[in-house]
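Accompanying notes for the structure given below.
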Amino acid sequence: SLRVNLDMGKAAYGWMIMKDDNIPGTVVRTSTIPEELGRLVYLLTDKTGTLTQNEMIFKRLHLGTVSYGTDTMDEIQSHIINSYSQVHTQNSGNSMSSTPSRKPQSSAPKVRKSVSSRIHEAVKAIALCHNVTPVYESRAGVSGETEYAEVDQDFSDENRTYQASSPDEVALVQWTESVGLTLVNRDLTSMQLKTPGGHILTYYILQIFPFTSESKRMGIIVRDESSGEITFYMKGADVAMSTIVQYNDWLEEECGNMAREGLRTLVVAKKSLTEEQYQDFESRYNQAKLSIHDRNLKVAAVVESLEREMELLCLTGVEDQLQADVRPTLEMLRNAGIKIWMLTGDKLETATCIAKSSHLVSRTQDIHIFRPVATRGEAHLELNAFRRKHDCALVISGDSLEVCLKYYEHEFVELACQCPAVVCCRCSPTQKAHIVKLLQHHTGKRTCAIGDGGNDVSMIQAADCGIGIEGKEGKQASLAADFSITQFKHIGRLLMVHGRNSYKRSAALGQFVMHRGLIISTMQAVFSSVFYFASVPLYQGFLMVGYATIYTMFPVFSLVLDQDVKPEMALLYPELYKDLTKGRSLSFKTFLIWVLISIYQGGILMYGALLLFESEFVHVVAISFTALILTELLMVALTIRTWHWLMVVAEFLSLGCYVASLAFLNEYFGDFHATVSHYLFSLFVSADVAFITTVTFLWKVSAITVVSCLPLYILKYLKRKFSPPSYSKLTS
């Protein structure tokens, strides 16, 4: 009965969550743990796409000596227009030669390039080095229109959209389109760019090296159709690219400056290859791909042979804006006593900037930035420095975290758990899952992980409760999670309202079902002990089945509609959530109280029936069972905190079913007199309506019921008077 009721209750909670108009699009993918939402202590969140919108906007282009922001993009556009107009003027003037005007500059590296040519090279690199595909959707809905457009090279379509695995890449390609160099077509072997003058440039894709979380960079080798030049372009994170590009004195500083503004940085570089160099590389690369042992290592080694002394072209800065209502949601969670850890793959400065702007770390709070450590001694010194600080947020990189956990796991976790907020940057997916398991192991508290991409799946599955956001990165996280939401702000209502209600309702429902079973067991024990421990069942067949189903099922199950505070109040006072994490609603103490209540009521009902009905002993089953049903209905009323109209309907429906079944059972089971047990059963079913409607029967049943329930009502009143729960102070 307990298992069935709880499973039905969990299904009801899931249905209520999905039907909540305030959190549209929420999907409950598991029906086993809705109560966990009401007992969370640690929330581990990703940054990109979870706290932020994952809608990238190009903000900054830095060439080393000159920087362009949103207000100076028109300068870049004019440089590009001029640059390509010169190229095509020269090409039209000399029809035999297809060499562009910038060729002499690239062949004479000692001559310092002009700003215009550097912008030209940078924009071209950004327009070529990516995995983006332009898609043309037919406006009129004609299926053949897309093919027609591509065949006719009609690339002026306004309904062009870009598709890519990363929103960063789409933002970069959209920016190159805005300054005049447009990606118009791409297939497996080539891509075509349209210049500001409307000319089409074709580039053949010779090799492509996709982005991985280990390499943190992607590369592409292309051949210009007009000049036959082979160029290797590469873009990636500054940590990966700083060792690949030629020596410079500005990259690290400018990366830091952009990161402090909250921008995501990408370093773009290139390397010109001769035909011989490329042929040599291709043969070695193909050989490595055919090797049977250590193929990945050999392929990586061949690619790395190209990644040397590359020419640094530019540094790009892309902004990812915060989602709506992230700040109030994080503040609400913090007030609810939930400790928030942000685990991200971004740079330390970017992560710190987002943590401040999202109010994950309050403006007045100190931040301890954990210095990079590589040895045990350095980790020890840094931990000591951190130990001396109180109530400050911690910012640590993945590498330093790895060293600390290797040598000082217990000490580090103990200190980090005392922090109001923790930011781990440059985290790999494996590290994210490892941190979740560490918190579970060292604190024993319940954890929740929330993310939006495939790199968050391991973290979501490791946590006690996983929440996935359906975002720009697909549905991997959403499908792997226990709960799927559409925006981060929905987590506030999911935890404060639905988490609270699910936990409180399951606690009440579970304990009441146990009470329902214990009370009838106590009555059976008392009955058997009075009759010299004879193995005679007190209630037979249909009565036992009916007791747990039609007579008490509806009122007891209606506890899933109960709520101690209104949703608005739970959201207004998130501090109420702190009480739930203490686990006081369902503990050994509350369980033992319900056991004592069951023993007291079972004893009173049985002894009362035996004492008061000594002269009409043949009716003892009918009397005790009637009192039992009334007691159960009154106990449900005692347990309920907020009445719902369905609860009232359930109470009267059960009472009506019982009264109606008295006459029904009398007629249906009246002929069973064969054995002692059947005889006792027939005492109940043959209780004629005349006896049941007598004043004596009614007042004595009422007296037994009052004695079993009234003391509990008085105790509940006194408890609420002298030791009221925190929520009652708000609702009164």
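The backbone N, Cα and C atoms fix where each Cβ goes, and this holds for glycine too.
TrEMBL labels come from automatic prediction, so no person has curated them.
Here's what TrEMBL has on this protein:
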BINDING   ASP46, LYS47, THR48, GLU169, PHE211, LYS235, ARG264, THR344, GLY345, ASP346, ARG426, LYS432, ASN455, ASP456  ATP binding site
COMPBIAS  87-108  compositional bias 'Polar residues'
DOMAIN    479-724  domain 'P-type ATPase C-terminal'
TRANSMEM  541-561  transmembrane segment
TRANSMEM  591-611  transmembrane segment
TRANSMEM  617-638  transmembrane segment
TRANSMEM  645-669  transmembrane segment
TRANSMEM  689-715  transmembrane segment
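Take the transmembrane segment (541-561) and the stretches 591-611, 617-638, 689-715: counting Cβ pairs under 8 Å, 617-638 has the most.
Fewest Cβ neighbours within 10 Å among the binding-site residues ASP46, THR48, PHE211: this applies to PHE211. Summarising model confidence by region, the domain 'P-type ATPase C-terminal' (479-724) averages a pLDDT of 85.
Neighbour count (other Cβ atoms within 10 Å of the Cβ, all protein chains): 22 for ARG264 (ATP binding site).
For GLY345 (ATP binding site), the same-chain residues that are 6 or more apart in sequence and have a Cβ closer than 8 Å to its Cβ are THR48, SER213, CYS425, ARG426, CYS427, SER428, ASN455.
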